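S.K.: The structure that follows is given in the form of structure tokens.
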Amino acid sequence: MYVKVHMPFEMLLSTAEHIRMRLPIEKIEENKNNALEPPNKSCWNRFTTSLKRPFRLDPSLSKQDLDHYTAMYSSKNHNFKHLFATLRGSQDLYFTPSERILLTYELLARAHPVDHDKDLPQEDMTTPGASGNRVKRPGIGRLITEKAYESYFPLHEPLRDDVRHIDDEELNDREKLRKHWATMRRCFKFQPLSLIRSYMGEKIAFYFVLTGFYNQMLIPPAIVGLIIFIYGVASVFTDTPTSDICGSYGQSTYMCPRCDLSCPFWKLRIPHNDLSNPNEDFDSINDNDRQQSTSATSSPQSDSLRTDCILVYGHNDDSDNDEDSHDNGEPHMSPSERRERFEDYLKKKQHLILQRVESPSTKKTFVKVHTPFKILLKTAEKMRMGLPIEKIEENKNNALEPNKSCWNRFTTSLKRPFRLDESLSKHDPDYYTAIYSSNNPKFEHLFHTLRGSKELYFTPSERSLLTYELLTRAHSDDHGENLAQAPPIGQPKMNTVAGLRKGVKRPGIDRLIAKKAYESYFPLHEPFHNDVRHINDDGLNDREVRLNDRQKLKKYWATMRQCFKFQPLFLIRSYMGEKVAFYFALTGFYNQMLIPPALVGLIIFIYGVASVFTDTPTSDICGSYGQSTYMCPRCDKICPFWKLSESCVYSKISYVFDNTATVVFAILMSLWARWFVEFWKRREAVLRYEWDSINFDSTIEPIRPAYETKAEKMGGERRTNPVTEINEPYIPRIKQIPSFILSVVVVIVTIAIVCVTIFCTIIYRVQMDYLLKNTSVKTYSSIIITITSAIVNLICSLILSLLYYWIAGKITDLELHKYQSKYDNSLIMKIYLFQFVNFYASLFYIAFFKGRSTEYPSNYGEPSTGDFTEQCDPAGCLVELSIQLIIIMIGKQIINNVFEFLFAMGRTLTRLFRNHGKKYEDEPWEEDYNLYDFNSIVLIDEYLELVIQFGFVTLFAVAFPLAPLFALANNIVELRLDAWKLLSKYKRPIPFKAADIGIWSDIFSGVSYLAVLTNAIVIAWTSEFIPKMAYRILQSTGSSLSGYVDWTLTSISIADYNNTGRMPPDVPGGLTSCRYRDFRSSAAPYSESLIYWNVLAARLAFIIVFEHAVFFIIYIMNWLVPDVPKTIQNKIDHERYIDQRERWTTHETTDEKFKQAAVASEAISKMRRPSNNLPNSTLETKDEFPARQSKQKKHKGIRVSPAHEQ
């Protein structure tokens, strides 16, 4: 028995809406396609087009291809309806065969086979909870399991035997595929991928796409391989080694047996008659030889409405010149006229409530903006914002989370002393969220119950963000429009696209600020008490006044009294938005991750201090051997001879930072750097879920006003944006090239400036060494020189960093970036590159270059010459690297914190001085206006400081094991300092949505990978680990390092030194030779010894093994630990399930729309009953099924579609 199933058109549409299918909405016109493409084809494009021409499909396959933009289908959007009958000539042909099959299967999989006559609760049929245990899961699959049906399948279209001589217009899709695809006659033609997708679906089509693309990519290596093979065959007879083997030399040369006892001797040339069994000699080859390498709100006392944003303008701004006001024929408008039009638009079209307040003290006018609740809801729907839909019950949480492990219970007990006050979280609601839709009534019951009032439904940051979205879309240029004819409160009319396509300038508050119509805009801070320590969260003394969010943050976050407590991230996010909250979440997570390496580093430092007096090489330097050993001068002519014992203090400090334990610490820190990045991804995933940023879609960015102004000044050229199809200002790339070249030149010059400062520091060290060697502090001269030179380097770096900030901003302005995100990313990369070179250059010099020259005494050069090579102390360069790192890292942190505090207090002191003697207090908006502006540079500075510190901690971990401890101590203070600044010294930021930390994640990841390499090189080249290991293996009879110092020193004859004419005049009496640190022969020409090459090979081998071992461990860790925790993934899947369930169980859609579709289905059935031939969704009787090409565009004059290209 066969049951043929037919899906009426209305049912198909209703199901498509449920599963959020994308359907055609707007045709891509020919002129629009041309506007999206570059004006001229490149030579390479014309060449590749000519190459592909013989392999193209028959034009008849693509002449009817449809080219439409698509969008998620909604029955409320009337733009879909005009295509129902016109897309393919008939409403029944609107859906392709594969789409009809998919929609039919979706209904079959959800149909309930039991109790269908009863009015079952919706949850009983869909929810796998307690009620789901009573009713089994529905669907055709279950019926097949219970043998109610044997199988189900879509029906093939009819296929005639020979279709080669039949015209394509008379063929159905299956026959077209048979003729043009499933035949060897078409093996060199491209595949009709659009037809494959239309007939079999995307899953199968993707396989054939991959196969075809793979075949195309094989063509170049196939041609190259064939050429190489032919070359090898053609040149085999001219190869000399082959001729020797095949000639008399091979005939007369006997080779040793390939195995013992049983294998014979054999000639290098095997006679032809011995080749009868070519595998005989290879059967005994060992298997080892066959291995293959694998490679805000305002004051409630003064306002009845919440203030969502403040607009500020001055009284005398009309006197300012309005530049470019006549550009492109735009009528001249003064700033006051622009304001009037803009505010009319806000009130009459977007239905915002505005209130002006004059400020006599600041001579400014403040416009308070309030957004009604209904407008907030409509804007949230437009932005596809996720809003609460279902409360997370305790038992559901337990069902979604596995039982806590011992490790989880252990970490929970460790975190208990650092948890926040319970009063901060006891009222915090925990809800599943879904994208808000006015069609879904499940949202409405939470409007009043979520936080006790409808006006409190949205958090302050959400209200500010939605208000900002409206402000950025409001027009001030609709001159001829009748603003009075605005509809009642409803969906905001944002009729910006039509005007923009005609060339009207982009709307929004930012452009009005650029036109000086407004001075600034900002959300209003909540009221602030100076002392909130003794105020309860629920009441103020005996009065029922609750602490607002800002006061709670001041009490529990922005104070050093809470420095060891976790941060209230949900409050930070609610008050300042996700973008700011992600920075503090990163800082807090970074501090937590610093605790283990800080403890390990402290233990290793204590071990180094405790064992320094038992170290044999240090004892030799400080003992009689050091007293009797004269070292060669560190430079020619002017530097004096000196005793090895003068390096005693230096060698003791060196051992503290350079011992076996520090090598282990470097390995751990290399792994820790990658662990931090990977575990931050997991933490980021948790926050992304909790903050409803998983499905966050960044909006289309507006053009920067600076770019728009500059484009008009450079000729006023405009082009159509290929994304929005809006006529926008455009600056040709050719005009931007000089600025990019200038950027590269400036970067090179700044690097050269840093190199000059390092060279000056080298000269300072050498001159100081010459001066101090003749004083009473010569024993400590190396330490004094190293510390003072590091301080000088730090001062130069801090001065240059201020210069680099200014330079980076200027050259980024010259680059004329169109969008703010690209501007910010370019600025971030320049500043980071400048600061990287500025603060790390001296460290890289000491670690990798100092003392690495192949010179010896008499070839060092003089300090005043360009060929001078600075040498390391006999105790090594690591101690100098350690001191340099300590001074720069700690000094930079202290100076930055002091500067940030003084800068933040400067505006406060100015306001106190200005308000001295005032008889009235400022209003809240006046107080906020006097605060610092919060812009992108503020966060860039904070992130930059964090990532520079991350580099200090990880790149040179072996040089200073206490770096994580000092970083942790600094961050504890700086985090609370930053919190205090943002709460009380800066305007409240626009609470922008964010899903991650942006480009900073890539920078952290890059530094973590670089840390593996730098630590490997520091251990191999800068520390004494490899030479000591080589000495134990090559020279010492055991693990003792007795004689190690003498083994690392090479002598040079005084006579040979004197003959060069570069020896200093003050030679100690009776001295016949002096020592220097190197592995060379003790006689002329003083070339490198065998030990030098052995140590060099060991160093290179260690770097390769270290790097591969660490990356292998990282790879295994990435494979074992997913980026999204399992519990969070379960909750994400559960939210998707809730969203899907609500779409299918909404009363309106299931009852009304399906009933209407059923009536239509019954009518069709009655009309066709006399023919006794039910139509079905799989047998298509018409041939007019051209495949839909979704979002398909022409590329450089040739349509790039699956029907043409593979």
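For all residues, glycine too, the Cβ spot is worked out from N, Cα and C.
Straight from TrEMBL, here's the annotation block:
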- 291-304: compositional bias 'Low complexity' (COMPBIAS)
- 326-340: compositional bias 'Basic and acidic residues' (COMPBIAS)
- 1170-1179: compositional bias 'Polar residues' (COMPBIAS)
- 1-193: domain 'Anoctamin dimerisation' (DOMAIN)
- 196-241: domain 'Anoctamin transmembrane' (DOMAIN)
- 306-569: domain 'Anoctamin dimerisation' (DOMAIN)
- 572-1133: domain 'Anoctamin transmembrane' (DOMAIN)
- 277-304: region 'Disordered' (REGION)
- 316-340: region 'Disordered' (REGION)
- 1163-1206: region 'Disordered' (REGION)
- 204-231: transmembrane segment (TRANSMEM)
- 580-610: transmembrane segment (TRANSMEM)
- 653-673: transmembrane segment (TRANSMEM)
- 740-764: transmembrane segment (TRANSMEM)
- 784-807: transmembrane segment (TRANSMEM)
- 827-848: transmembrane segment (TRANSMEM)
- 946-973: transmembrane segment (TRANSMEM)
- 994-1021: transmembrane segment (TRANSMEM)
- 1096-1121: transmembrane segment (TRANSMEM)
S.K.: Between 204-231, 580-610, 740-764, who has the most Cβ pairs under 8 Å to the transmembrane segment (653-673)?
M.R.: 580-610
S.K.: Is the transmembrane segment (994-1021) packed against any residues at least 6 beyond its ends, judged by a Cβ distance under 8 Å, and which are they?
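M.R.: Cβ under 8 Å, 6 or more out: 577-579, 582-583, 586, 663, 666-667, 669-670, 673-674, 676-677, 680, 684, 688, 693-694, 696, 825, 828-829, 832, 847-848, 852, 878, 881, 943, 947, 950-951, 954-959, 1099-1100, 1102-1103, 1106-1107, 1110-1111.
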S.K.: Taking 827-848, 946-973, 1096-1121 as candidates, which has the most Cβ pairs under 8 Å with the transmembrane segment (784-807)?
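M.R.: So the stretch in question is 827-848.
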S.K.: On the 0 to 100 pLDDT scale, where does the domain 'Anoctamin dimerisation' (1-193) sit on average?
M.R.: 75
S.K.: With Cβ distances under 8 Å as the criterion, find the stretch in 204-231, 580-610, 946-973, 1096-1121 that has the most pairs with the transmembrane segment (827-848).
M.R.: 946-973
S.K.: So, does the transmembrane segment (946-973) come close enough to the transmembrane segment (580-610) to give 3+ Cβ pairs below 8 Å, pairs being at least 6 apart in sequence?
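M.R.: Stretch pair touches.
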S.K.: Report the DSSP secondary-structure composition of the domain 'Anoctamin transmembrane' (196-241) as helix, strand and coil residue counts.
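M.R.: Split by secondary structure, the domain 'Anoctamin transmembrane' (196-241) comes out as 43 helix, 0 strand, 3 coil.
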